[in-house]
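As recorded in TrEMBL:
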COMPBIAS  270-289  compositional bias 'Low complexity'
DOMAIN    16-111  domain 'Cytochrome oxidase subunit II transmembrane region profile'
DOMAIN    113-265  domain 'Cytochrome oxidase subunit II copper A binding'
REGION    270-295  region 'Disordered'
SIGNAL    1-16  signal peptide
TRANSMEM  43-62  transmembrane segment
TRANSMEM  83-105  transmembrane segment
Amino acid sequence: MIVLECLFLTIALCDAAEPWQLGSQDAATPMMQGIMDLHHDIFFFLILILVFVLRILVRALWHFHYQKNPIPQRIVHGTTIEILWTIFPSLIPMFIAIPSFSLLYSMDEVVVDPAITIKAIGHQWYRTYEYSDYNSSDEESLTFDSYMIPEDDLELGQLRLLEVDNRVVVPAKTHLRFLVTSADVLHSWAVPSLGVKCDAVPGRLNQISIFVQFSFFLEFLIQAGGSLQELIVAYCDPGDTKSSDSLAEEVRAAALPEEAEVLAAALPDSPEEAPASPEVEIEVESPSPDLTPRFPTELPLMGDATRLEELRERFRVNTLGAPYNPRTFVEVLARQMQIEESIETALAEDGFAPLSIFLRRDQIREIAFYHHRFPLPLAIYNRDLEEIELHGTRGSQPYQRILRAIDTLELSLWRRRQ
């Protein structure tokens, strides 16, 4: 009963496009709410103009045609009508411009002291997000990549072109700042529910300030031990129309609302605190598992089976179901495993932290094994292995590409503390 009361008392707004939808998504920020209000106000004037002009046209067609008025009136000047159709069309843009300018200036306002600053970097075709206010143990910003989930991997309830592997989590009722840029070509970062759309230009930082005020999608996560947490998820548009042949990019933002504290207080945090039920008796056979992530700190970073499974899955995702020779597929994975182990060893010997290599393994694979998200030919992998055998890993082209990516800040690896 408590859960149902909390559900009905919580505001849950539309956060994704619906079939045959005519309006915008529900607003989650004051900025988007102002845009929707301005749209409704302008639409009111448009309806008035449409009705007025349509009435004049119908009246003219009805009263002034050759059957009712065979001799047309010779009127070439009318002072009254000229004054009216000059003044009223001038007043209407004024009524539209006043709220429009106020909204425009409020959208350009910059928060002096935002609670969180998030940097969004566009790539072909994924996003990199950096929480600049939170550092790791090596004094590096918290950074992760966000890839769109292919249609073949979608689960029941997930939306097409609106799912990613890593979400952006932001707090509700908090002033936020987004810094948007690009690492390669022009991109666009857009979240319709938040009312933001910003161009991502290489070598330039564009700034957006937002304030998430509503919890507009409820998703309950049952953690180990029975505790319950509330997540607010905002789906976003692909927002990138610069490249017609690109994969659809997407941002999925999540907001942690303050209402979650009320819900967490109303529900038990563990099975021991839950009220006893006379009808149902729950026995806990084993303690809750430890969900703390374990990161490798020594080489090899992962076992052969895990590495092979990750490489196979990434190959399948990047080819998007395209036909591929099974024998060549197996040979490519074998070459990738050998090259990746050599690169990891060389990076660790050059002073890069194994933890950072492990966390950035997807970016390293993208640079070493793929070109525009499509796997390289088998002949390229054979050439790379020959270079590693003849000149060592540091003399091979994959390793040189990774070093160039580190120099251009496209790839961020942490150095070991001396």
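Cβ atoms here come from the backbone N, Cα and C positions, even for glycine.
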Long-range environment of the transmembrane segment (83-105) - Cβ separation under 8 angstroms, sequence gap at least 6: 34-35, 37-38, 41-42, 45, 49
Secondary structure content of the domain 'Cytochrome oxidase subunit II transmembrane region profile' (16-111), with strand meaning DSSP E or B: 64 helix, 0 strand, 32 coil
Within-chain partners of the transmembrane segment (43-62) [C-beta distance under 8 Å, separation at least 6 from its ends]: 92, 95-96
